[in-house]
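Participant: The feature domain 'BTB' is assigned by Swiss-Prot to 33-100, with sequence analysis given as support. What Swiss-Prot lists as domain 'BACK' is 135-236. The annotation region 'Interaction with DVL3' is assigned in Swiss-Prot to 405-568 on the grounds of experimental evidence. Among the features that Swiss-Prot reports, repeat 'Kelch 1' is placed at 282-329. Annotation source Swiss-Prot lists repeat 'Kelch 2' at 331-379. If you look up Swiss-Prot, you'll see 380-426 marked as repeat 'Kelch 3'. For 427-473, the entry in Swiss-Prot reads repeat 'Kelch 4'. The repeat 'Kelch 5' annotation in Swiss-Prot covers 475-520. Marked as repeat 'Kelch 6' by Swiss-Prot: 522-567.
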Amino acid sequence: MGGIMAPKDIMTNTHAKSILNSMNSLRKSNTLCDVTLRVEQKDFPAHRIVLAACSDYFCAMFTSELSEKGKPYVDIQGLTASTMEILLDFVYTETVHVTVENVQELLPAACLLQLKGVKQACCEFLESQLDPSNCLGIRDFAETHNCVDLMQAAEVFSQKHFPEVVQHEEFILLSQGEVEKLIKCDEIQVDSEEPVFEAVINWVKHAKKEREESLPNLLQYVRMPLLTPRYITDVIDAEPFIRCSLQCRDLVDEAKKFHLRPELRSQMQGPRTRARLGANEVLLVVGGFGSQQSPIDVVEKYDPKTQEWSFLPSITRKRRYVASVSLHDRIYVIGGYDGRSRLSSVECLDYTADEDGVWYSVAPMNVRRGLAGATTLGDMIYVSGGFDGSRRHTSMERYDPNIDQWSMLGDMQTAREGAGLVVASGVIYCLGGYDGLNILNSVEKYDPHTGHWTNVTPMATKRSGAGVALLNDHIYVVGGFDGTAHLSSVEAYNIRTDSWTTVTSMTTPRCYVGATVLRGRLYAIAGYDGNSLLSSIECYDPIIDSWEVVTSMGTQRCDAGVCVLREK
């Protein structure tokens, strides 16, 4: 070869792996092994240099003046033979097989032998398995073994899923101190203090004799002044544990005073009157009927923490009379009217795909629907009623995102467009609407276990195009049109007593209004007041039974889809 060739360092990608494979073959054939690890009377031949290179534990054992330094056999205590085999496989192959069955033995053993790679793999596996039923146990397990990242992940998970976590045995078996630590946390994500109070009562009831004296200490971390007066009088006052404790009664009286003496609230500020930080939730408003007198494709996002609006990518098809729900970090925009025909198509916003999200189409409904009601229950989306351009529907269908498929369910008793659909206590409620002849005040509910609809107590006012949302244990119905007037009135349905009450009216009449719950308050979004389209948004505080206008969108609209998304 002619010319001058400069020297060059060349590194192969397979050299280290090849050496590991060769050393593993030598181990399995007991060739050149210079130490035997003995665990539960089972011998594991190995190479000191390999063990020392992978583990600070073995490095210290074989390089210091410990008694094991020159011994051909080393007894390893505190782990099983099967676990030792998994760990040795990792040392020689870089691969570890972690399962639900072995992780509780594997992680402590990895900590003992200081195998950082195995410890990390176990922590990542446990984090992937976090669930409301096990997150508290995983948190304690992580703390015991100084797995800081896993402990923090489990703690955040328990805060994020607090209402579900407290339903499981791990919560009931916590010590008083552990319950205090959880419920005093600002970061637990609850729509109200109701699940916090109920969690404390259920924990005490599990072992009444031993725990009853702990109730006053725990109750001081429940932010009772932030509960509604109705809940305080109907639920808390009726609780025997509360009536029997003077200290508990004092805390209840403080909450009542907060409501009865608003002029004293500034003097009563403290940990119990401070709202929890809750989830980082944002409000999305999608499509609708805009100021150009036609359907629009504009999507706006409102962050209540910063009180700022921003635009997201537009939906692919302009729609009014549209329904919208959120499910598993995705927003679904369902049906509607594009100015020419009613739609069965459905678009989805994958909000986690990138900064602004990506819209794509999913399976269309079986029926074209504008002004349909939509809600979620479990992992499914339910859509009922609506108008297809020629008739109003009684039908309901359900979407399973796991298989991208819609299926028809039992029909409602009454055909409805412009009705509200909402879930409460595992039951779907459909409220009001228009049947083609009359505006309705009737309400029916669907039991997913039986597949049947039944009537419940009707609303006081006939309403079509009202906003509907669940807050605490009440279904709120806001605004709408009664056939002659655009409404500002609001009524609330108590799901426990099957009864309606009237609450304070909105500041503005709103028909074709969106309604949703954000950070423990009810929001009424945009709509039509009988003269003009609205961009304003008002917020209802159930604690003081009062509405206030909080912000305005950049776009005037009605008939829009509205939902809340929990940001990562």
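Note: Cβ is positioned from N, Cα and C throughout, glycine not excepted.
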Participant: In the repeat 'Kelch 6' (522-567), how many residues does DSSP call helix, how many strand, and how many coil?
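Facilitator: Once the DSSP states are binned, the repeat 'Kelch 6' (522-567) shows 0 helix, 35 strand, 11 coil.
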Participant: Which whole-number mean pLDDT does the model give the repeat 'Kelch 1' (282-329)?
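Facilitator: Here the mean pLDDT over the repeat 'Kelch 1' (282-329) amounts to 92.
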Participant: Please list the DSSP helix, strand and coil residue counts for the repeat 'Kelch 1' (282-329).
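Facilitator: Split by secondary structure, the repeat 'Kelch 1' (282-329) comes out as 0 helix, 26 strand, 22 coil.
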Participant: Tally the residues of the domain 'BTB' (33-100) by DSSP class, grouping H, G and I as helix, E and B as strand, and everything else as coil.
Facilitator: 28 helix, 13 strand, 27 coil
